[in-house]
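K.L.:
Below are the features I grabbed from Swiss-Prot:
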- 1-18: signal peptide (SIGNAL)
- 32-63: region '3 X approximate tandem repeats' (REGION)
- 64-85: repeat '1' (REPEAT)
- 64-262: region '10 X approximate tandem repeats' (REGION)
- 87-107: repeat '2' (REPEAT)
- 108-118: repeat '3' (REPEAT)
- 119-140: repeat '4' (REPEAT)
- 141-162: repeat '5' (REPEAT)
- 163-184: repeat '6' (REPEAT)
- 185-206: repeat '7' (REPEAT)
- 207-228: repeat '8' (REPEAT)
- 229-239: repeat '9' (REPEAT)
- 240-262: repeat '10' (REPEAT)
Amino acid sequence: MKFLALALTILLAAGTQAFPMQADAPSQLEHVKAALSMYIAQVKLTAQRSIDLLDDTEYKEYKMQLTQSLDNLQQYADATSQSLAPYSEAFGTQLTDATAAVRAEVMKDVEELRSQLEPKRAELKEVLDKHIDEYRKKLEPLIKEHIELRRTEMEAFRAKMEPIVEELRAKVAINVEETKTKLMPIVEIVRAKLTERLEELRTLAAPYAEEYKEQMIKAVGEVREKVSPLSEDFKGQVGPAAEQAKQKLLAFYETISQAMKA
């Protein structure tokens, strides 16, 4: 039991001495605090697991004391971290104030470098423009020569193509006439065949047409024969009635004339 307690004590002591604090910079101090907190938490967890292995009947009181000691150690670490916070902020302020002069010197050097480099930049631009102009002068004749060569080649190609195009145009006209000459017999054959078929149809339809014509003439004659008596009868009936109506109208007119004179 004493050996276990001694081992825990040595472990905790080693843990507290494992990360010496350095005051190099605020970031370093923060790293130390974070590492110390993490290490203490791991030590507490390991020790608690070891304590849990002890028999509650025999070591109950001792387990409670060790657990309390671990809690006190955690609280001490938290209090230490909080107590270091003002020193960390103060150190950061001191560091900022201490480096103000250095930062001012750096900014001054940057401005001086900018002032010194501005003419150099103009000189560099001038040199680059000069080199580009030299390259342009070297390349421009070659480019012009290439363009002229292509233009000459195009002119030569056009000169070669013009007579061929004219020849093809003349051949097209001749070929059209030749095609027409070959096509006309085919057209005449088709036309003759169509004419023949039409004549055959006309020949086949002629008897039917004559028969239909004769039937129409016969029907018209029959209608005329049937209508003629009716027409004469109607005329005979209408004639006397029309004469009577005429006499009545003349008498009515005479009566009105006499009345107007009186």
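Glycine too: its Cβ is placed from the backbone N, Cα and C atoms.
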K.L.:
List the helix, strand and coil residue totals of the repeat '4' (119-140) as derived from DSSP.
P.N.:
22 helix, 0 strand, 0 coil
K.L.:
What mean pLDDT does the predicted model reach across the repeat '7' (185-206)?
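P.N.:
Value for the repeat '7' (185-206), mean pLDDT as a whole number: 79.
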K.L.:
Provide the three-state DSSP residue tally for the repeat '7' (185-206): helix first, then strand, then coil.
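P.N.:
The counts are 22 helix, 0 strand, 0 coil.
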